[in-house]
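Participant: Please find one structure pasted underneath; my questions will follow.
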Amino acid sequence: KSSKREWKPLEDHSCTDVPWLLLFILFCIGMGFICGFSIATGAAARLLSGYDSYGNICGQKNVKVEGIVNSGLDLTHKKYVFFLDPCNIDLVHQKIKSIALCVSACPRTELKTLADVQKFAETNGSTLCSYELQPSEYTTDPRAAKLCPKYPVPESAPIPFFHRCAPVNISCYAKFAEALITFVSDSSVLHRLISGVMTSKEIIMGLCLLSLVLSMILMVIIRYISRVLVWILTILVILGSLGGTGVLWWLYAKQRLSASALETQIAKDNLQALLIYAIAATVFTVILLLIMLIMRKRVALTIALFHVAGKVFIHLPLLVFQPFWTFFVLILFWTYWIAVLLFLGTTGSPVPNEEGFVEFQMAGPLKYMWWYHVVGLIWISEFILACQQMTVAGAVVTYYFTREKRNLPFTPILASVNRLVCYHLGTVAKGSFIITLVKIPRMILMYIHTQLKGKENACARCMLKACICCLWCLEKCLTYLNQNAYTATAINSTNFCTSAKDAFVILVENALRVAAINTVGDFMLFLGKVLIVCSTGLAGIMLLNYQRDYTIWVLPLIIVCLFAFLVAHCFLSIYEMVVDVLFLCFAIDTKYNDGSPGREFYMDKVLMEFVENSRKSMKEAGRGGGAEGRELKPM
C-alpha cells in the first residue's frame, strides 16, 4: 500500500508546496516595489534622460536644490548630457570623473580651440561651457579654462535611448580597458585586437553557427558510438594510469642508481619527492583498477542509458531547444535586473558633495534595498533554471512511463510546462530557495576573501578557502539532489521534501550505479565538449589563417572557442539531465516491477536487455534467485 501511494507514475496530479509559491509571489511583488519606487522617485528619468552635475534632469524643468547655484534650471531644449572631460575615468569607482552639463546638441566634429567651441555654440545654439558663461565670454573670461571642456573636444554622438554624448573614437578609454585586461600594455595592441574582431566578424559568426550544428549532430550520433567510446575511454584511463606509475618508478630507480655521484641536498630532495609521487601513483592506480573491476558491469547500464537518451531526443525534439528558451528568459530577467540596479544608483534625495556638485543618496532603511535586489537576482535566476530542470524531468518521465510511445502527447514538452505551471511552481520555488541559501554565504565569503587579499594571515586565508570550498561542494550536492527531487515530483506529484527523501533513498541504494553514471557519463560528455571546441578551433585556424597578414586573429579564435564550449555545455548538459532522469525512472521501475503479469516493466528494450543480461550473468555465477532479485531490484 505504501509503495502504491508513493509511486504512481503520471496517475495523480496535485498542487505541491503552495505556501512556497505564495512566498515567492510576495518576494517578486517586493522586487516590483523596488522598481516602482525607483521610477516614482525620478531615478528612471535621471537614468534615461541624464542629469548634470547640479542635479538638473536634461530635457525638462527642474526644482531648485538648496545650496547648489546652477540647480533648478529650465533645460527643456537641452536634452543631451555632455562631459567636459569624457576621458577622465575614475578606475576605482568606474565612472567618468568630469563636470556634466546639459546641451542641445553633441559636437559632431572635433573642436580644437575655444574659438571653435564658441563658434559651435553660436552656430548650433549648444553651449558646451558651464551655464554661468555666455558664448561671447568663452575666449575672454579667465574662468573658461576651468568651466569649458578640455580641448581638443573629441567628435561625439548621442548614445541611443540614454541621451549621453559619447566620443566616437573610443581610444581615450584605452587606459580603462587596459586596467580591465591586464595583458594589454599598449593601447595599439588593444586597437589591433579590436580591429581583428571587427574584420573577422563574418567568420566568427559562421564558426559559432558551426559549433551549434556540431553540438546538435553529436547529440544524435552519441547514442550509436556510446558503447565504443566508453570502452576506449576505459582502456585509455587504465593504460594512462599504469604508464604514469611505471614512468615514475623508472625515474626513481634511474636517479637512485646515479645518486651516489650526486651528493647535493637538491638531488636527495628530488629523489624523495619521486618516491612519494611513485607510491601515491601506485596507490591511485590500484584503487582505480579495483573501482573499475567492481563497476565494470554497471558501465553497461551507462551505455544503455545513453542509447535510450538518444531515442528520447528523437521522440522529443523540442528538448534540443530547451537551453535557448531558458537562456532567453534569463537574458530578459538580467536586463530588467540591471536596469533596476541602474535606477537604484540614481535613486534618492539630492545631496551636495565635497566638490559642490550634487549626488543622489538614499537615507534610512531604503538604502539597503539593493541587498534585497541582489537576493532576487540569485533566487529568480535559480528559479528559472529549476523550471528548466522540472520541464525536462516531466517530459522524460512522460516518455519513460508511457508504454505505447505512439500514445505520447503531441508535444510532451508543452504538456510538461503545463503541469509545471498548474501544479509544481511551489516545489521549484522551494528548491531554488535552498540553493540560494547556500550560494549567498559562499558569495559573501568570496567577496571578503577578495577584499582581504594580502591583508589576512595564512590561517585566516586557509579557513576562508576551506569554507568557500565546502559551501561549493554542498551547493553541487544540493543541485544534484534537487534535480532528482524534481523528477520524483514529476512522477508522483509529491511535495519537495517527500520527493527529495524518496530520491535520496533510491540514489543511496544505487550508489555504485550513480557513481558509474556520474563518472563515465560525465567524462564522455566532457570529451564531447572538448571535441566540439577542438573542431571549431581547428576550422577557425584554417579560415583565419588567410587573414594573418593584415589582422590579429588570436582574440577572434578565443571568442569562437569560448562560444563553442558554451554551446556544447548547454546542449550536453541537457543530455546529462536526460540521462539522470532516465536512471531514476529505471531504478523505480526495477524496484516496483519484475516483468511478471500485472507488474510489467516500463523500460525500453535496450534497458530490458541489460536486465536480462544481468539475470543470466548471475545465474551463470551460481548466485541463485536471491542474488538475482537483488541485482534486478537493487533497492
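Glycine is no exception: its Cβ is also placed from the backbone N, Cα and C atoms.
Please treat TrEMBL annotations as automatic predictions, because they have not gone through curation.
The annotation transmembrane segment is assigned in TrEMBL to 20-45, 203-222, 228-253, 274-294, 300-320, 327-348, 368-401, 523-544, 550-572.
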Participant: Does the transmembrane segment (228-253) come near the transmembrane segment (523-544), with 3+ Cβ pairs under 8 Å (pairs 6 or more apart)?
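Facilitator: As far as Cβ distances go (cut-off 8 Å, pairs 6 or more apart), the transmembrane segment (228-253) and the transmembrane segment (523-544) touch.
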Participant: Between 20-45, 274-294, 300-320, 523-544, who has the most Cβ pairs under 8 Å to the transmembrane segment (203-222)?
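Facilitator: Selected stretch: 523-544, with the most Cβ pairs under 8 Å.
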Participant: Looking at 20-45, 274-294, 300-320, which one has the highest count of Cβ pairs under 8 angstroms to the transmembrane segment (368-401)?
Facilitator: 20-45
